[in-house]
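Q: A single structure is presented below for examination.
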Amino acid sequence: MKLIENWFSERYSDNLQLSFRVSDQLLSIKTDYQRIDLFDTYDFGKLLAIDGTVQLTERDEYIYHELITMIPYHMTKNPPQSALVIGGGDGGAARRLLDLGLNKIVNVEIDGQVVEVSKRFFPDLSSAFTDKRVNLIIDDGIKYVRKCNEKFDLVIIDSTDPEGPAEGLFSMEFYSDITKILSDGGVIVSQSGSPFYQPKALKLAYTGMRRLFKDVKVYTGFIPTYPSGFWSFTIASEDAMNPRKPAIKGKYFNEDVLDGVFKLPQFVKDLIT
């Protein structure tokens with residue numbers, strides 16, 4: 001990817017972009033599925049971009065990974081013991097799940113190059129893949145779920161936005177297949193984009209899950225390097241979801257966050273009603 005005067009920019013629209021001053025471009029490759037770029041930035045450390053969009057930075061990755069793991073961890077009927085992660089090739093979600101004490105984690109990533117880049121440049125995140133409790137599978141997550149005959153307490157959709165290889169991860173057919181592999185009291189969670197800049201992604205996830213699951217909720221969090229800094233997640237279960245009192249804290253997550261993330265601004269409520 002070509003830089004302009006040592007700046008990497010993620011374009012949100014024809015009129016708006018977020019730019020990071022870059023000290024070095026560490027990697028730029030085209031895989032069978034997408035383009036991967038790795039930059040060393042002045043303010044956020046190493047930055048991983050896929051198809052020109054920020055996936056994570058060293059400085060704020062913990063926020064996203066705690067939100068996509070620690071919130072659903074506390075929404076299952078009982079403390080979960082197993083999880084399926086679709087996407088998440090950087091290893092961040094799996095690492096957080098290990099910290100939460102899960103006994104079995106299956107991580108299915110379609111693009112093996114994402115894993116290799118993470119092993120090379122984000123060793124703390126990718127260290128999860130060396131743990132015997134984690135089974136890393138390089139495969140299409142949609143196909144894996146379709147043929148899966150295991151049950152999981154948590155299913156985490158840690159994907160890119162609903163286009164390209166990730167488009168099918170927001171489909172009714174995929175959500176229907178998920179219902180067959182969730183254990184009693186289990187939950188599914190998916191990142192669902194910026195309510196401000198990507199309202200269609202949120203509506204797609206919410207309406208799809210709403211047709212198949214009895215209880216569906218949206219929660220949000222602050223992620224500085226994502227579009228608008230305001231990000232959504234959609235969580236669903238066949239059972240009523242009531243948060244269990246947390247016995248742990250993260251760097252971002254605590255008891256107040258668990259309560260507060262479900263308090264939605266009116267414009268977000270309007271999107272999903």
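Numbering starts at 1 and runs along the chain as it is shown here.
Cβ atoms are placed via backbone N, Cα and C, with glycine included.
Not my notes, these are from Swiss-Prot:
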ACT_SITE  Asp158  active site, proton acceptor
BINDING   Gln34, Glu109, Asp140, Gly141, Pro165  S-methyl-5'-thioadenosine binding site
BINDING   His65, Asp90, Asp158, Ser159, Thr160, Asp161  spermidine binding site
DOMAIN    5-238  domain 'PABS'
Q: So, three-state DSSP: helix, strand or coil for Glu109 (S-methyl-5'-thioadenosine binding site)?
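A: Assignment for Glu109 (S-methyl-5'-thioadenosine binding site) reads strand.
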Q: Fill in the CA-CA distance, Asp140 (S-methyl-5'-thioadenosine binding site) to Ser159 (spermidine binding site), as an integer in Å.
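A: So the Cα of Ser159 (spermidine binding site) lies 12 Å away from that of Asp140 (S-methyl-5'-thioadenosine binding site).
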Q: Using Cα coordinates, what distance in whole Å links His65 (spermidine binding site) and Asp158 (active site, proton acceptor)?
A: 9
Q: When the pLDDT values for the domain 'PABS' (5-238) are averaged, what is the result?
A: 95
Q: Name, in the order they occur in the sequence, the residues of the same chain whose CB lies under 8 A from the CB of the residue listed as 'active site, proton acceptor' and which sit 6 or more residues away.
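A: Listed in sequence order, they are Ile68, Val85, Ile86, Gly87, Gly88, Gly92, Ala93, Gln191.
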Q: Same chain only, sequence gap of 6 or more: which residues have a CB within under 8 Å of the CB of Glu109 (S-methyl-5'-thioadenosine binding site)?
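A: Glu109 (S-methyl-5'-thioadenosine binding site) has long-range Cβ partners Gly87, Gly88, Gly89, Val115, Leu136, Ile137, Ile138, Asp139, Gly141.
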Q: Counting only residues 6+ apart in the same chain, whose Cβ is under 8 Å from the Cβ of Asp90 (spermidine binding site)?
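A: Sequence-distant Cβ neighbours: Leu48, Gln55, Leu56, Glu61, Val114, Val115, Ser118, Phe122, Leu125, Ser126.
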Q: Any idea what DSSP makes of Asp140 (S-methyl-5'-thioadenosine binding site), helix, strand or coil?
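A: SS state of Asp140 (S-methyl-5'-thioadenosine binding site) = coil.
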Q: What is the number of other Cβ atoms found within 10 Å of the Cβ of Asp140 (S-methyl-5'-thioadenosine binding site)?
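A: Step by step: centre on the Cβ of Asp140 (S-methyl-5'-thioadenosine binding site), count other Cβ atoms within 10 Å, giving 17.
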Q: Sort Ser159 (spermidine binding site) into helix, strand or coil using the DSSP assignment.
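A: Where Ser159 (spermidine binding site) sits, the three-state DSSP reduction gives coil.
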